[in-house]
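Residues annotated as site 'Transition state stabilizer' in Swiss-Prot: Arg15, Lys22. Residues or ranges marked as site 'Positions MEP for the nucleophilic attack' in Swiss-Prot: Arg151, Lys205.
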Amino acid sequence: MCRTALIVAGGKGLRMGSELPKQFLPIGGKPVLMRTLEAFHRFDEKMQIILVLPREQQDFWRELCEEHGFDIKHLIADGGETRFHSVKNGLALVNGIGVVGIHDGVRPFVSQEVIARCFLEAVVRKAVIPVIDVVETVRHLTESGSETVSRNDYKLVQTPQVFDADLLKRAYEQEFTPFFTDDASVVEAMGVPVYLVEGNRENIKITTPFDLKVASALL
């Protein structure tokens, strides 16, 4: 059975306040995106890796790979107008049957245990996402103000979100709507239940300068 990691990296670094897109920023002397690809290659050296990048960033990425001697084999697909369209472009390169894990390119600290958990469960469950507990108090905004809600009723969603390849391709044949905030929401729109597994709290999404400081501390 074929395993594929589809790494989506379309950020422009606006929230980071940097001219360099966040996926290319260095942590410990190595670009974030390289560390992300390494995590999946470490889990399964035979895994197909597809990187989705805006076309205008692809030459720079190749230069970075040459500069760092980065030789993990991967295919590159063009980023789309939205994350939905980027994933759809990447899926066009997926070979054969099996499972596909879609992962944010700026989440380099996903653990090997979480990757394994998601990919192994997806063989049986067909649709699996990692989540972590909400540890802060949560308030719901209302027209009259706000109210406390039970944090036990909520989870924070991470990636990789892993699905049966055929199921995922069919899901992405649906027409795009703004309600598709992640891959699980696309699959759920077909009436398919999504199974939750435990994520790892270190699996942060690096989007701000503070996140970059945390990432450096995690090395």
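Using the three backbone atoms N, Cα and C, a Cβ is placed for every residue, glycine included.
Feature map: annotations from Swiss-Prot on the structure.
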residue: Lys22; record: site 'Transition state stabilizer'; Cβ neighbours (10 Å): 26
residue: Arg151; record: site 'Positions MEP for the nucleophilic attack'; Cβ neighbours (10 Å): 13
residue: Lys205; record: site 'Positions MEP for the nucleophilic attack'; Cβ neighbours (10 Å): 16
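DSSP assigns Arg151 (site 'Positions MEP for the nucleophilic attack') to a helix.
On a Cα basis, Lys22 (site 'Transition state stabilizer') lies 10 Å away from Lys205 (site 'Positions MEP for the nucleophilic attack').
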